[in-house]
């Protein structure tokens, strides 16, 4: 028996969602494939997905080659710089839409002066090649060495250069971690 709808005399069979669900599923699969392809291009071609050390000669090219960039001005012997390195290494792998770089402040005098870097560590956030924000020391993270990586991610996201919605499962690094207790060789 076929029931009729009062609106247009249509049968219940015409309300079958299979075709509509199939179209939605195909569109979603296509979108996911495009997103995966874009991520792969970022990983393969532009240094995204890694935490890369650069020198002064590479600075402008690297900072202007990507829409969102975080640059860590560091010193090799500063414990807080090493701690921040570990956090940034993790974020670089989990947030491939942002490029993460580090530069030795002693070997980048021009950019240290140009950007007004006075305290280490300093993070400078770039959007489309323009410095839009910065953090100096650990003040934005409570001034403590054992801040959570989520606090760093939120602070970078606040600057607009990090998509924060995919940050999960990030570990906390503290002073007691092995790399910090190791004597300099």
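Even glycines carry a Cβ here, placed using N, Cα and C.
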Which stretch does TrEMBL mark as region 'Disordered', out of 1-21, 22-42?
-> 1-21
Any idea what the model's mean pLDDT is for the domain 'Thioredoxin' (52-137)?
-> 97
For the domain 'Thioredoxin' (52-137), the DSSP residue counts stand at 31 helix, 29 strand, 26 coil
